[in-house]
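S.K.: One structure, pasted below without further comment.
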Amino acid sequence: MENKQKPSDAKTISLNTIWTIVGVTASVVVVLLLCWKAINVFLFILAGAIMSIYFHGFAGLIGRTTKMTAKWSLVASVLITIAFLFGISFLIGSRVANEAMQFSKQVPDLVADAKKYIQQNETLKSVYQQIQSSEMLQKATPMLSGFFNSTLGFFGDIYVVLFIGVFFTATPDVYKKGMVKLLPARARDEGRRIINLIAGNLRSWLKGMLFSMFVVFILTSIGLLSLGIDLWLILALIAGLLSFIPNFGPVISLIPAALVALSQSPITALWVILLYGLVQLIESNFITPLVQQELIKTPPALIIISQVFAGIWLGAWGVILATPILVIVMVATEELYIRKQDIKEHH
């Protein structure tokens, strides 16, 4: 005699299935919401990982130069970096802070001077009226002032990233093994290989980027000092730091420099614009190829798209970290999809 399922049992099974689906869906939604709310934490973790890569790269240089052991080379790399940051803060920190505060107070007057000069020039006045620059400049004033007034918060984030990087540097294998253990057993060797490959690409990118930032800072400092620009040190620091952000960084750094130069004279502003263009030309044609020669090939348009997307979705830190995020995605896509597709086609 066949066993027939009672209607009540069928209803119970159906309800259990529904509640299971609801529970899983709710859990996924909660996790996604937590990730969304804590997205800055993940960005800080990525920035800390990049900082750890820097410490290990610097430690390798110290070890090759001094023949120190790997452990003491790491300690030296962290201590030298921290000492350098505090030394720079002590030597020029007060001057930079004063210049930043002075520039923040001058922004409204600089914008007003720029408007006045535009109104006196018929060609610029016509363009000004067509694109409604008045509204744009009014929005730019509080944004520029806010940027220089938020220095403490930015450096607070930097120190958080620095300490995360120190912890990652102290025990990198612990975190790497933890990530690998999250993968299925059969995929762990492949996952370990891809993590090492990503770290290698980020290391090459970071070496070139730090060199690029240093070159931009030095060239901009020499140029602004030669032109007799006020606040040249803070402007050169801004140019060097913002060169970390491809495409948008140089344009953003030009705005305060042009405003300061315009307050001195229109010709000086023109020379500053030409200076920044020359520095950008040198950086794009000589420095950037050095940065990207050991990296996975990344189309320039894809970098811009990733920056726009990351800026909208993740904010300022997204724009700053858009390139390393893109490097990670490109390497993962190359290894997990394209490479396997090529293997299938050959077989």
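Glycine is no exception: its Cβ is also placed from the backbone N, Cα and C atoms.
Here TrEMBL flags 12-33, 39-62, 74-93, 152-171, 205-225, 231-252, 259-282, 302-331 as transmembrane segment.
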S.K.: What stretch of 39-62, 259-282, 302-331 shows the most Cβ pairs under 8 Å to the transmembrane segment (231-252)?
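M.R.: Comparing 39-62, 259-282, 302-331 against the transmembrane segment (231-252), the winner is 302-331.
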S.K.: Restricting to the same chain and to residues at least six past its boundaries, which positions have a Cβ under 8 Å from a Cβ of the transmembrane segment (205-225)?
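M.R.: Beyond its ends, the transmembrane segment (205-225) has Cβ neighbours at 50, 53-54, 57, 232-233, 235-237, 239-241, 243-244, 257, 272, 275-276, 278-279, 282-283, 287-288, 290-293, 295, 323-324, 327.
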S.K.: Do any residues of this chain, six or more beyond the ends of the transmembrane segment (39-62), have a C-beta under 8 angstroms from a C-beta of it, and if so which?
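M.R.: Hits for the transmembrane segment (39-62): 68, 70, 73-74, 76-78, 80-81, 157, 160-169, 172, 199, 202-203, 206-207, 210, 314-315, 317-318, 321, 324-325.
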